[in-house]
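*Asks:* First, the structure itself, so that you have it in front of you.
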Amino acid sequence: MKNVSMITEFVLLGLSSDPQIQTMLFVLFLGIYLLTLVGNLVMILVIRVDPRLHTPMYFFLGHLSFLDLSFSSVTVPKMLQNFLSQKKSISVWGCITQSFFCLLCGCAEASLLSAMAYDRYAAICHPLLYTMVMNRPLCMVMVSAAWGIGVLNSLVNNLFIHKLHFCGSNIIFHFCCELPSLFPLSCTDPTANKFLLSGSSAFLGLLTLPLILFSYSRIISAILNIRSSEGQAKAFSTCSSHLTVVLLFYGTALFRYISPASGSVLERMVSIQYSVITSLLNPLIYSLKNQEVKAALQRMLKQQKCASWYNKSCVILLRK
């Protein structure tokens, strides 16, 4: 990399310079990361094992859990290492690689949430045609498009960063490498890269946000037309989990990548929200508010008990 040979590594300042606070932050984020791993792996396992969850909604949810698992694994392990290290450095190649996967996971998750919004629209507004509309080929195309958009967007932005020269300060006022944090460190003019990132982020928003707004406008209209309050509550419960995830992830991610970098505490808090906290909350939101997931977890636990007990009475337990 001739363009960045003047600097061989960057320094990530992280969230605090106080050693005692860093120790507490290490314990906190280690716990968050372990819970994120367990929660998302359990969701993937339950969806894969239970035949009753082999539906379009849980097909998307399985990919969402994998994305959350990947997103958190891109940023948190290096952050944990820096909490315990005095030299909080990362190589230039490592920094660019981390920014690549951060942008890939973020774009893919935004696209996937848009596909899930359409799935909820089809389930609530066209329940009789749901299995025909959301068939497996369409689900595969939508998931493949989400991954493709993520890879393409990240690849284009990270290829053009190689045109920048990093020869001045190597200090990043952040806990991970994201493209907006790298631009202020460039000795050459990064205006074109900023416009490319803002433009691609805005394009992603214009590509996915209208589908989300259309889907939920029709969903809300359909729910209001239901006469019974019980029916309205049941219909809303089928999409409330997804709506909560959209609000948690979508606004903060777009704000981070469209607004100019300032190195402020707010920026770091916003990044923690969509790259760490959302990945932790997603499996909790979908499991705590979803009766089908709860039932699948209970069935899986009963099967494990039967496998360990080797007792014929477990057949009765499973039938219940």
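Note that Cβ sites are derived from N, Cα and C of the backbone, with glycine treated the same way.
Pulled these features from TrEMBL for this protein:
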type	residues	note
DOMAIN	39-286	domain 'G-protein coupled receptors family 1 profile'
TRANSMEM	20-46	transmembrane segment
TRANSMEM	58-76	transmembrane segment
TRANSMEM	96-118	transmembrane segment
TRANSMEM	138-156	transmembrane segment
TRANSMEM	195-214	transmembrane segment
*Asks:* Mean pLDDT for the domain 'G-protein coupled receptors family 1 profile' (39-286), as a whole number?
*Replies:* 83
*Asks:* Same-chain Cβ contacts of the transmembrane segment (58-76) under 8 Å, 6 or more residues past its ends?
*Replies:* 29, 32-33, 36-37, 40-41, 43-44, 47-48, 98, 101-102, 105-106, 108-109, 112-113, 115-116, 119, 139, 142-143, 146, 175-176, 245, 275-276, 278-280, 282-283, 286
*Asks:* So which residues does the transmembrane segment (195-214) touch in its own chain, when a touch means Cβ under 8 Å and the partner is 6 or more beyond its ends?
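*Replies:* Non-local partners: 107, 110-111, 113-114, 117-118, 121, 149, 153, 156-157, 160, 179-180, 246, 250, 254, 257-258.
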